[in-house]
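Student: Pasting a structure here, questions to come.
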Amino acid sequence: MSMSTLDSESTSNQPSRLIGWFAFFLLFSFVVLITAKLLGSGALKSANDRSRWCAVYSLVEENTYQIDKIQARPGWGTIDIVRHNDHFYSTKPPLLPRLVAEIYRAVKAVTGMNLLDNTEAVARIILIIINIIPMTIAMWLMFKLIRTYCDNLFWQLFLMTATCWGTLLVPFLAVFNNHTIGTTFIIYSLYLAITIVAQEKESWWRFGLCGLFAAFGVCNELPAAAYGLGLFFILLKNNPKKTLLCFVPLALVPIGGFFLTNYHATGGWKPFYMYYGTEKYLFVFEGKPSYWLDPQGIDQGKDSFPVYLMHCLVGHHGIFSLSPIYLLTLGSWLTCFLWWKSKLRPFHLLGLALTFIVIAFYMTKTENYNYGGVSVALRWTLWLIPFWLLAMIPFLNRCGGTWFLKVPALAFLAVSLFSAWYPANSPWTQPWLYNVMEARGWIDYSVPRPKFDRKVYSWIGEIPEGEKQDDYWVELQTEAYNGETQIIRLQDSGPAEGGNRLITVTRNGEEKEYLFSRKSLEAGLPPVTFIHNRDGSEISEEDQTFFRGVPKRRPYASSRIRHIKTKVRTDAFKSHVGYTHTDVANSAGVMHRYQRDVWFSDEVPFGLFQFVDRVLDTNGKDVISRQVWEIRAAGKFLPRKQVK
């Protein structure tokens, strides 16, 4: 062999070596950074995660799908629950939690750690096993497809970078979710299907594993059922015998597991999430309504069809606005003649059809126009990413030789990379584009702050009327700084002259009677106007401060509606939270801010069950002192009505 031949072979191997080392660097750095991202995240930061972790915990520790006990623990509560047969269950399909429960069981046996006492450590171990390792393998398979079918060195590097770093799958790898797992196994099955159809590697095991992986991917991404069906027909056309004898039987394994675990969890074949909008989602338990009875923010689904479609494509959750690399996918679809005779044509057509089907399907779900909730991406499209990446190849092979395409493509990649890495440690936040549009006032999904029906100047929210009510009283208590318990008692003492109401106020064992004007209270007047001494004289400045809650007169502002559980009864109180504050100099001349937050409720005598006093420095941030007054007892509770 001549030296020129050796030099030629050495030169021809250089791009291959470069690609190989580049791929290794990408995957290695990917694993390192995603692991670091995982270590910086929290397992229970999102209701979505907590729903699944609750199911995993209950399956191992309590041998049940019911999550009543664990979700009631502080930090474990979730809105992603249903009420079924007087118990709480996760809304998530039970197959994945069932499998992860067995991984947790093994981790617990080996390490001695458990999810309750070692939440973060156990969760991170499990997420490395189910997210990071499988996705790394999936990316390696995607790299192999890119190297096989992309002819240009530049575009090979581009596509590998986009696959590894530039998709919105990246943020989800640090949390427990179905999207990364579903996409991972769809990539496995897609790779095997391409080797079968395009590379004519028709081993029996390839058909079997392809069916197994595809079906498991579908079980984790239920909209991908169309993918499983499409893949079946592609392989059936290619080799009917092996498709029917290998692909189908192994595909039935995860599908059977899906329905079996669902039956064990629900007592039926229908997944809980398909009961959305029914009493399983829309319930009131112990006085507290489910989140879905009054969804907040983007979950309100206020957008019209055109606006929703626009934001899904090019708006705040837009496929093309957040990840403009997919404009190259669109370019390839619009130039289908470039790949019409390609061996990958069935898969390009499948990806195009699936994209249309999925978007069209979710456009019809008008009751769910929430963009997948608080999330950095349209979560229900994430499993389509492998198809979108591979679809670029024929367009880049034919049209990518010029810098007129390379320069904008690099800009597209830069934006896509930013979108993928914008969320620090969790995907459960709004996309950067959403935040920009919200800051500029272009969008507003906030819930309007509730309003009081009158001006409020006192922490006393209601005054009784009619005959004297001996059971119309309430007691509030707090622990003073010296450790002593202090008590305030308000007691109805019946009607008085002039249309007033006689109220007995007991403070630290000392009783005093006051005349309250219900009419003046409801007119929004300050305490000095609607409260008088028993003899009709004006109350002292000290009493005015007591009834206002702060040293100077200032109206209470409305904050929010909350359902709060207390020690005095099982059911939560529905409350309208209000607050006021005023700046006053102390005896040394130093300005302090005095603030009171009040939980008003028409279910309690005198219209409140809790208030919190705080003294802060003048910037309103550093707390100097804090005192909580909570309901201790009441003569009766009143029926709930609409909160003011």
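Start at 1 and count along the chain as shown; that gives each residue its number.
Yeah, the Cβs are placed from backbone N, Cα and C, and that goes for glycine too.
From TrEMBL, here are the annotated features:
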TRANSMEM  20-40  transmembrane segment
TRANSMEM  121-141  transmembrane segment
TRANSMEM  153-174  transmembrane segment
TRANSMEM  181-198  transmembrane segment
TRANSMEM  204-236  transmembrane segment
TRANSMEM  243-265  transmembrane segment
TRANSMEM  319-340  transmembrane segment
TRANSMEM  347-364  transmembrane segment
TRANSMEM  376-396  transmembrane segment
TRANSMEM  403-422  transmembrane segment
Student: Which of 121-141, 153-174, 204-236, 376-396, 403-422 shares the most C-beta pairs under 8 angstroms with the transmembrane segment (181-198)?
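Tutor: Answer is 204-236, with the largest number of Cβ pairs below 8 Å.
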Student: Mark yes when the transmembrane segment (153-174) and the transmembrane segment (20-40) have three or more Cβ pairs under 8 Å (sequence separation 6 or more) and no when they do not.
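Tutor: Yes, these stretches are in contact.
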Student: I'm a bit unsure how to read this: which one of 153-174, 204-236, 376-396 has the highest number of Cβ pairs shorter than 8 Å with the transmembrane segment (243-265)?
Tutor: 204-236
Student: State the residues, same chain only, that lie 6 or more residues beyond the ends of the transmembrane segment (204-236) and have a CB under 8 A from a CB inside it; answer 'none' if no residue qualifies.
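Tutor: For the transmembrane segment (204-236), the list is 93, 95-96, 178-179, 181-186, 188-190, 192-193, 195-197, 242-255, 257-258, 271, 346-347, 350, 353-354, 357-358, 361-362, 380, 382-383.
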Student: Restricting to the same chain and to residues at least six past its boundaries, which positions have a Cβ under 8 Å from a Cβ of the transmembrane segment (376-396)?
Tutor: 142, 145-146, 149-150, 152, 155, 158-159, 162-163, 167-169, 171-172, 179-180, 182-183, 186-187, 190, 217, 221, 223-224, 227, 312, 317, 319, 322, 325-326, 328-329, 331-333, 335, 338-339, 342, 344, 347-348, 350-352, 354-355, 358-359, 362, 405, 419, 422-423, 427, 429-431
